[in-house]
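What follows is a short report on a single structure.
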Amino acid sequence: MDTCKVLAVETSCDETAIAIVENGKRVLANKVLSQIEIHKVFGGVVPEVASRHHLEGILPLVEEALEEANCTLDEIECIAVTNGPGLVGALLVGVSVAKSLAYGLNKPLVPVNHLAGHIYACFLDNPVEFPLVALIVSGGHTDLIYMDKHLSFEIMGQTRDDAAGEAFDKIARAMGLGYPGGPVVDKRAQKGDASAIGFPRVFLEKGSFDFSFSGLKSAVLNFLHNSEQRQEAINVDDVCASFQQAVVDVLVDKTIECAKFKGVDNVIIAGGVSANSGLRKSIEKRCNEEGLNLFRPSLSLCTDNAAMIATVGYYLYKAGVRADLELNAYASMPLG
Ligand SMILES: Nc1ncnc2c1ncn2[C@@H]1O[C@H](COP(=O)(O)OP(=O)(O)OP(=O)(O)O)[C@@H](O)[C@H]1O
Ligand SMILES: [Mg+2]
């Protein structure tokens, strides 16, 4: 059988990532150099600092990936690269490296949308079937997408303000829980009472698949502020559990409604927040009750990585998509 090895480059935010994946499925190497410890000090990602660290880390990472995959650059069939959405300076590092590799090796260059990557992380370890509805919940996005076939993306809903991950990060910061907030809020929520505080669930107009999390975020910040003013002790575990439940209720409800609206049997959750234990449990339960098949990436593939980019890259390459050396990086870019 013909094999097609794709080398993928991902630098959209604060993870420098290189992967080599065969036929969009078999991961030969998936190297991620996380900058979390560097940005923790600042309480969030500093774009310029991220770009500089991508620059330092990326070329050794290409070498490491080739070594781990036990293959040479000659064996690579094409180079896939995330060219948006993301931090422009950070993306530029990856795009420049990918262009140089493609030019120097005379190999095709394939541009990949980062959000398509998050969805395709699911395809790496699941027998995903179409048509499907995908919920992307990450640091910068909360999107509901309908797909009837590969590379066909219909946006059903998006956040009108904060992304779910952003809300996790901001309330964690307000409670001094560090960066990134999602994993620690998740952990603390497991010890708390989700019904302790009645934070709002924002569903917007009837039939809308859009999201809004800024009101919920403000409600949590107000609660913390008022408790402090009244010198009342704050039970951080309860705040985390009540906040998380409010996010999860809306995410799960809208995803199930969207799946029913489109008449699909298959649901995907993807992106960093899809690692959340409350979301995983709750959506699994609802999908079971509704007779829907649920596909989730393994935990290590939820957050940014290049294996997911290689997988989209493979399907784009097979569909004949190519970029030339004029390829640019974009802070925001339509999916598809
Ligand atoms: N267990 C968890 N529970 C909730 N949120 C989580 C969990 N693990 C990670 N996150 C959140 O996921 C986000 C990071 O995810 P990801 O790497 O996909 O986002 P990003 O790449 O920064 O944004 P985007 O993909 O939209 O460009 C952060 O906001 C982080 O707090
Ligand atoms: Mg991401």
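Glycine is treated like the rest: Cβ placed from N, Cα and C.
Model, not experiment: these values are computed from the prediction.
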Practice item. Name the residue, out of Asp265, Asp304, that TrEMBL lists for the same Fe cation site as His114, His118, please. Key: Asp304
Point to revise | Per TrEMBL, member of Asp161, Asp169, Asp253 binding substrate alongside Ile136, Val137, Ser138, Gly139, Gly140, Gly182, Asp186, Asn276 | key: Asp169
Point to revise | List of residues, in chain order, with Cβ under 8 A from that of Gly182 (substrate binding site) and at least 6 apart | key: Gly165, Phe168, Asp169, Ala172, Gly272, Val273, Ala275, Asn276
**Study point:** Mapped DSSP class for His114 (Fe cation binding site), helix or strand or coil
**Key:** helix
Study note, to complete from the structure: In all the protein chains shown, the tally of other Cβ atoms within 10 Å of the Cβ of His118 (Fe cation binding site) is 32
**Study point:** Distant-in-sequence Cβ neighbours of Gly140 (substrate binding site), under 8 Å, six or more positions away
**Key:** Cys13, Pro85, Gly86, Ala163, Gly165, Glu166
Exercise for review: Have a look at the binding-site residues His114, His118, Asp304 and say which one has the shortest Cα distance to Ile136 (substrate binding site).
Suggested key: His118
Practice item. Starting from the Cβ of Asp304 (Fe cation binding site), draw a 10 Å sphere and report how many other Cβ atoms land inside it. Key: 27
